Structure formats: structure tokens, C-alpha cells
């Protein structure tokens with residue numbers, strides 16, 4: 001490790017001390033200072049602590065309960081001392097006297113602030129490295145020295161302890177991240193180590209919903225404990241107003257974990273053998289990732305013993321935070337909930353969420369993950385759906401990982417009404433399901449409970465009316481029919497017919513009222529963001545020159561597969577889509593005004609194209625400072641026409657539109673394009689809505705998420721009753737394949 005930069009691999013700060021030779025209490029702070037010297041480049045900080053480091057080293061140091069590797073500690077100290085002595089000499093030659101004068105003027109308050117700031121930097125680096133032991137050593141040192149910890153310090157500590165308690169530590173990534181649908185676990189969304197409140201830190205992985213603990217590797221030198229059996233045998237404890245979370249957790253820990261007086265042995269075991277396991281795992285994964293230049297998915301897997309140790313320390317830190325009356329935030333309560341989840345205690349995890357509103361904290365989707373995971377893993381159906389009910393009451397909507405967990409617990413319990421409810425939730429919020437969710441759905445339809453569910457007689461008129469009122473593609477009147485189901489993996493033809501059962505799938509678009517509301521929503525946002533009434537002028541222009549049957553995102557087309565804007569590509573797409581329109585009228589071309597100026601655009605061939613489009617009332621150039629996305633989007637919605645663009649509309653501006661209308665509209669109106677040797681190729685909207693569909697006959701068609709460009713290659717689950725007339729026809733030559 002480089003003493004100046006603090007760069008290294010593996011455990012980061014956790015190698016600062018060794019048993020009997022650990023650097024003194026003040027050296028912990030200064031090690032953090034050395035780690036960030038190069039970044040902040042403040043010489044007075046180095047000068048201020050230089051002599052203290054030397055004195056601390058000469059006088060020995062406090063012993064540690066958590067000894068690290070001696071050789072690493074010696075090397076680190078020696079390098080650090082040498083680097084510091086060099087800096088001292090430099091400062092003496094230059095402006096050392098001025099620096100000392102500034103230090104002497106400093107107040108005690110500045111010293112305290114500096115200590116807390118250094119602790120914060122150190123904890124941030126521990127989070128970035130996934131170094132739980134290093135963070136705990138800094139915490140213990142801070143307590144010994146009387147350094148006051150704030151909300152941020154506790155947040156980082158609880159985050160790291162909760163991550164280790166779940167068995168997998170993912171060193172925080174730098175840069176922005178985003179929550180993906182198949183991840184709900186630590187650090188995929190942490191920015192720069194840890195953000196101000198660890199925003200997006202807690203993404204309890206879908207692996208946790210399925211019981212991650214059984215997959216965690218255990219060191220040969222560590223004690224192997226089946227924590228799932230411990231949880232099953234432990235009595236359930238419900239948190240109430242008379243007992244703190246720490247007291248409940250302590251009872252669970254005392255009843256099933258190793259005794260308190262053996263904790264030091266566990267720590268020693270971790271430092272001597274499991275730290276090697278952690279570093280080995282880190283090295284292994286980095287070695288794999290190095291080959292592809294991707295180092296963002298490094299994971300550290302910890303042993304069962306260390307999971308328990310981190311859990312106990314986490315609850316101790318939480319108890320300390322409560323005693324010091326440090327204000328809670330969403331991140332700290334979610335971390336405690338995750339620790340409760342690691343013990344299988346869903347009640348405690350849910351209680352953490354329930355505390356948020358009274359404290360003025362808005363719960364987030366990640367806040368509910370631990371409680372939902374624990375209840376689903378324990379097979380507690382009512383409590384799991386109680387969590388979902390609480391989510392909806394507080395304006396939080398489950399996504400596919402949460403719905404998959406609810407679906408699983410419903411299937412395991414054989415509750416047909418719950419499964420039906422979740423299928424429709426998936427229909428409205430997810431539309432096309434992942435492969436893991438599709439496997440669950442298939443499991444349900446092949447079960448005895450699914451065969452027994454349903455009614456043999458129903459009012460077809462009511463079903464038809466419900467289909468019309470719902471916009472098509474579903475009725476929501478419950479399971480229709482009786483008996484076994486047939487599940488087939490198939491495709492949908494270009495005519496929208498299922499290649500298995502021959503049923504015509506529905507095309508679901510916005511109704512006129514929804515379209516009007518959607519257009520008003522886009523216009524409202526655009527008007528607020530555009531300057532000088534630019535968007536209102538565009539609206540008047542559309543009223544005068546419209547309507548249009550297609551809109552072309554010219555910048556997206558002209559920059560296709562290269563960085564330089566090429567007008568001829570736009571012309572090819574415009575001419576191609578024009579020939580496909582019923583009226584053969586020019587489509588509307590939206591282009592930022594900067595694209596029609598410059599040396600290249602002044603060439604005769606390019607200038608001729610611009611003039612041709614203008615003469616055809618087909619070109620609208622957006623003004624300087626505007627975002628042309630709002631213009632082409634609004635025009636396509638207003639005229640209920642096609643939009644030619646490869647923009648998948650995932651940017652933040654499109655996220656402002658929500659999920660009520662946008663996904664449905666986009667599917668029915670976006671035209672993708674590409675180029676071949678013979679000219680432009682258009683990928684028109686799919687022949688049917690790619691969404692879970694429920695037919696009047698009670699059949700189901702479930703689209704599975706696909707990486708194929710062609711909708712014809714997408715896999716669908718075709719689910720029909722085995723004794724129905726349509727099911728009997730499914731053995732025709734049209735069938736692609738049965739499961």
C-alpha cells in the first residue's frame with residue numbers, strides 16, 4: 001500500500017494495526033489523513049499531525065481486540081513515517097513558519113471538526129473498499145478518543161454492518177449508478193463511496209428473496225452454521241413499544257449465535273483466515289473483471305461467523321445511536337431492517353419502516369425490501385401482503401423483484417386469489433416478465449392448486465363488457481374454467497395471432513381521454529423548462545401546419561452509428577417512411593437549429609435538402625437552449641401518429657412522465673430503424689401489445705423479456721385449459737413447442 005495515496009487492494013484500512021504493535025489512538029486518525037493528503041493538498045494538516053504521529057509510534061499504542069496482519073502493519077507505518085518526514089523537510093524549506101502560525105491560531109472547535117472530518121473520510125474509503133473491519137476499527141478508536149459521531153458516521157457504519165450481515169459486501173462504485181430491476185442489494189447505487197444519506201445504497205438482491213445465505217461460501221477455518229435452521233428454530237419475537245430493536249436482536253443473538261466471550265476468538269479467526277478469504281475473493285473477482293476492463297461488480301463473500309459478528313456490532317452501533325439521540329434517516333432505519341432480515345425477523349424489519357412516517361421520513365421502495373423478503377422467505381403470506389398494502393398506502397409501488405417475491409409466497413401457499421392479484425399487478429407495472437418470473441408462473445399453472453381454481457360457468461356478457469371497459473386484453477373477473485392447464489412456449493405471428501392456440505392478441509392503445517391528458521402533461525413540463533415561450537410558439541405552429549402522420553427525430557437519425565450529423569440519412573428515412581403513410585404526406589422533421597448551420601450544412605446538396613423540407617412545411621427547427629425531445633414527443637402524441645427514432649426514451653426527462661400512459665403509448669407508436677445495402681429498414685410497432693393478456697375464454701398469454709430486435713422472436717407463454725376447445729387445437733402444426 002502507498003502511504004501517501006492510500007491506494008491498495010483488499011481490506012483497505014483494516015490492516016492499520018497488529019496485536020501488540022498497533023499504532024496509537026491518534027495514529028488511526030492520521031492514517032486517514034495520509035490516505036487523503038494527495039487529494040486535499042493542505043500542508044498545514046500534514047504539519048499539524050506530523051510530530052504526533054512520531055510520538056505515537058515511539059510511545060507504543062493501544063492494543064486492539066481485532067489484530068490485523070503484522071507485516072502489513074509494519075510496512076504501512078514505516079512507509080507513512082518516511083513520507084511524513086520528507087514532508088516535514090519540505091515545509092521547513094518553504095512556508096513552514098506560516099503554516100505553524102496558522103495552526104497556533106486554530107481553536108479547539110476546529111480540532112474537533114477536523115477529527116470528525118477525518119473520520120468521515122476514513123469511513124467513506126472503507127465503504128468504497130468494502131472494508132467492514134476497517135470501519136469498525138475507526139469507530140472503536142473514535143469512541144476511545146471521545147470523538148462525537150454524527151448521523152452520517154452512523155449511516156455508513158450501519159450500511160457496512162448490514163451488508164456483511166447479509167453475507168455479501170459489494171465495494172461501493174464511484175460515479176452514478178441506478179437501481180436495476182433484478183437487484184435490491186448493497187451498493188449498486190452508491191455514489192462515490194457513500195452519498196449524503198447513502199442514497200440508493202440498499203438494494204436487497206433478488207437472491208435474498210430466495211435465501212441467499214445458503215449460497216454463501218464458508219472458509220474451511222471458520223465455523224459452519226446453518227443460519228436458516230437457526231432462524232426456523234428460534235422463537236419469533238415481535239418488536240413492541242416496551243422493548244428496543246437491540247433488545248429483541250440481542251435475545252435472538254444470545255439464543256442462536258456464539259457467546260459474547262467468544263467474539264474476540266471469532267474476530268481473530270476472521271483476521272487470520274477469513275480476511276484472507278475476503279481478499280482472495282476480491283482478488284479472484286477483480287482478476288476476472290480485469291480481462292474485460294470492468295471492475296464494478298466486485299463482491300466480497302464473508303463467512304457465517306463474520307456475518308454474526310457484523311450483525312452483533314451493527315446492533316451495538318444502532319443502540320449507541322439511539323442512546324446518543326442522533327436523528328434517524330431512511331438509510332439508517334433501512335440498514336437496521338436489513339440486519340433484522342438477516343435473522344429472519346420480518347416483524348422487526350417491518351417495524352423499522354413503520355417508524356419512518358412518525359419521524360417525518362418518507363419510506364422508499366428499498367425500505368420495504370427487508371421486511372418483504374423475510375416474510376416471503378418464512379412463508380408468511382398475510383404479513384407479506386400486509387407489507388405491500390403498507391407500500392401502496394404510502395405511495396410506494398412494488399416493481400418486479402417485489403412482485404416476484406409475492407408471487408412465490410402465493411404459489412407456495414396455493415392461494416389462487418393472491419396469484420391472480422399478482423399476475424394483474426405484473427400486467428400493469430411490468431408488462432413483460434423476466435425469465436425467473438416466467439418460470440414461477442409456469443410452475444403455478446402446472447400445480448394442483450391452479451387446476452382446482454376457477455369457475456365452470458360464467459356470464460359471457462359481463463366478461464365482454466369488462467374487456468371493453470378495461471381497454472382490451474384483460475377482464476379481471478377471476479379464473480375462468482376448471483381443470484388442468486396446458487403451458488406452451490411459443491411466438492406471436494406478424495398478424496398478432498398466437499402460433500400455439502391461434503388466438504388473436506389485443507392491441508391496447510391510449511383512449512382519447514388518456515391521450516389528451518398525456519399531451520397536456522408533456523406540454524406542461526416542456527413549457528416550464530423551455531425559455532422565451534419557445535414551446536408555446538411550437539404549439540401554435542403545429543395548429544397551423546398540422547396534422548402529420550409521422551414525426552422524425554432527425555438528430556437521432558442523422559447521428560445514427562456515427563458522431564457527425566449526416567443529412568442524407570435523414571432524407572432516406574423521411575422518404576422511406578413517407579411512402580408507407582396512407583396520405584404519402586411529408587412527415588414532420590424535428591431538428592435543433594444548430595444542425596442546419598456550419599460549413600457542412602452550407603454545401604449545396606445539404607442546403608438543397610433543408611430548403612426542400614422547408615418548402616414542404618415539414619421542418620421545424622428548435623431554438624438555441626431548447627431540448628428537441630420535448631418537441632417531437634409532444635407532436636407525436638398530439639397527432640396520435642408514429643415517431644421514428646431509436647431513442648429508447650429512458651432519460652430523466654422521460655421518467656418525469658411516469659408509468660401511467662408512457663409505456664403503453666411508446667409501444668404502439670415508436671418506429672425503430674436501421675440501414676441495409678438496399679436502403680432504410682423500419683421496425684414497426686408490434687402487431688399486438690407486448691403485455692400479459694387475459695382472454696374472454698380465460699386463457700393467458702405472458703410475454704417474456706427478450707434481447708431480440710424482432711418481436712417475432714420473442715417467447716410467449718401460452719396458457720390454456722387442457723379440456724377447452726381451443727386447447728385441443730393447440731396440437732396443430734402451428735405450434736412452435738410445448739413445455
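Note: Cβ is positioned from N, Cα and C throughout, glycine not excepted.
Per TrEMBL, the feature compositional bias 'Basic and acidic residues' maps to 36-58 (among others).
Summarising the annotation, TrEMBL assigns compositional bias 'Basic and acidic residues' to 82-113 (among others).
This prediction places the mean pLDDT of the domain 'PROP1-like PPR' (108-168) at 88. As annotated by TrEMBL, domain 'PROP1-like PPR' applies to 108-168 (among others).
Residues or ranges marked as domain 'PROP1-like PPR' by TrEMBL: 307-451 (among others).
TrEMBL lists 493-718 with the feature domain 'PRORP'.
The annotation region 'Disordered' is assigned in TrEMBL to 1-113.
Summarising the annotation, TrEMBL assigns repeat 'PPR' to 364-398.
In the repeat 'PPR' (364-398), helix, strand and coil residues by DSSP number 26 helix, 0 strand, 9 coil.
Each residue of the domain 'PROP1-like PPR' (108-168) gets a DSSP state, and the totals for helix, strand and coil are 51 helix, 1 strand, 9 coil.
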